[in-house]
Amino acid sequence: MNPNQKIITIGSVSLTIATICFLMQIAILVTTVTLHFKQYECSSPPNNQVMPCEPIIIERNITEIVYLTNTTIDKEICPKLVEYRNWSKPQCKITGFAPFSKDNSIRLSAGGGIWVTREPYVSCDPGKCYQFALGQGTTLDNKHSNDTIHDRTPYRTLLMNELGVPFHLGTRQVCIAWSSSSCHDGKAWLHVCVTGYDKNATASFIYDGRLVDSIGSWSKNILRTQESECVCINGTCTVVMTDGSASERADTKILFIEEGKIVHISPLSGSAQHVEECSCYPRYPGVRCVCRDNWKGSNRPVVDINVKDYSIVSSYVCSGLVGDTPRKNDRSSSSYCRNPNNEKGNHGVKGWAFDDGNDVWMGRTISEESRSGYETFKVIGGWSTPNSKLQINRQVIVDSDNRSGYSGIFSVEGKSCINRCFYVELIRGREQETRVWWTSNSIVVFCGTSGTYGTGSWPDGADINLMPI
């Protein structure tokens, strides 16, 4: 090949390569511009938050002798949509309850640095569960813990930790409160916090860390709320509040709250005579609560809340095996669904139950007179048949030789169904244990299971003789 032919050949090859490079550059430019201007927005229904999600484009140009360009494009992945919870899945079918969590707060307090608390409860956001309690403004190994048997002081605050984490000195104090309720609507936490004088208390409504609304005492007699989780459906949260006598007629109202703002208040209606300390759960499309009648009944009141039209219906759990303490023995006790049974109705304890078709699952103290022991069981026909007493699937949670206390329900949404869980307050100290001057608690938590399970007892477990006085 002569020199002229070599020059022509090299020129032809170079021109071909240059043309290919030019076409590749145009293709890369078109791709880059298309990706840059393409809209990436995580759209959602009108009630949901709109979260823009623009792609991040990073170009790395690596130049070779042949002028080829490699471009790497990294695209941001849109975050999950933040939506209101609607709790529309069915309730899980269960055979009983399995152990879930225990915080051992009193045993750990022997080493110091753990809050004095009472009125604990559990509630979950879409990803994690938390335990709450009303602190007494002191740790147990502190002389301020003396006389903490009292319910209402200006030093009490609502504490919040991940479930299973005892309330140590680094615990967040959510608000000032001697009565409270909390729930997550899918976007943020709502806390209802009651504090102030008995005759003129204030309930503060804190949403997403900000005070949004408040309401003052309407009957001037210890405004109080659930001491367990409230429930939110499609952005509307419901909380049951009572103001008035603890042993006669009181004034109960159901508040409807949207992002911390009170949007409606409904009076209690129906046949329930006295309603306090409700344990509520989502029963789509509404909310259902099982409460404490501190006046006339040892059978528990039921409050059904319609979130759409704000209507309220109330009655009583039909099961003749009643859930409150004190109560008559099971042979003598009764309940006929509509009215209080007038059996040892004065006084009581916070508790829970939930419907399962025509049946009812429930928990109660083993003792008929005191807050000792704890058991759960199912009553066939207990939700629909007056005075039904056929008990199955009984479990002992705390044996009768150990103390219990308040108990309540919380709900956890799974992939295909909504599970019901409960906690039991394990009270220690005064009045029963007079060696010490404080009153506090730990908790144990169980959740519904469709599997098999064994037996046991899960008391507080602290040796009172090893505890600070």
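Cβ atoms are placed via backbone N, Cα and C, with glycine included.
For the Ca(2+) site, Swiss-Prot records ASP293, GLY297, and the single candidate of ASP251, ASP324, ASP330 listed with them is ASP324.
The disulfide bond recorded by Swiss-Prot for CYS92 reaches one of CYS318, CYS337, CYS417; that cysteine is CYS417.
Looking at CYS129, CYS193, CYS230, the record from Swiss-Prot puts CYS183 in a disulfide bond with CYS230. Per Swiss-Prot, the residue from CYS289, CYS291 that shares a disulphide bond with CYS280 is CYS289. Between CYS232 and the candidates CYS193, CYS237, Swiss-Prot records a disulfide bond only with CYS237. Summarising the environment of CYS183 (disulfide bond), the number of other Cβ atoms within 10 Å of its Cβ, over all protein chains shown, is 26. In the structure as shown, the Cβ atom of CYS230 (disulfide bond) sits within 10 Å of 26 other Cβ atoms. Proximity note: of the listed disulfide-bonded residues (CYS124, CYS232, CYS280, CYS421, CYS447), CYS280 have a CA within 10 Å of the CA of CYS291 (disulfide bond), given in sequence order.
Across the structure, CYS230 (disulfide bond) and CYS129 (disulfide bond) place their CA atoms 14 angstrom apart. For the pair CYS237 (disulfide bond) and ASP324 (Ca(2+) binding site), the Cα-Cα distance reads 27 Å.
Note on the disulfide-bonded residues CYS232, CYS237, CYS289, CYS337, CYS417: the fewest other CB atoms within 10 A surround the CB of CYS417. For the pair ASP293 (Ca(2+) binding site) and CYS278 (disulfide bond), the C-alpha distance works out to 10 angstrom. Between the CA atoms of CYS232 (disulfide bond) and GLY297 (Ca(2+) binding site) there is a gap of 29 Å.
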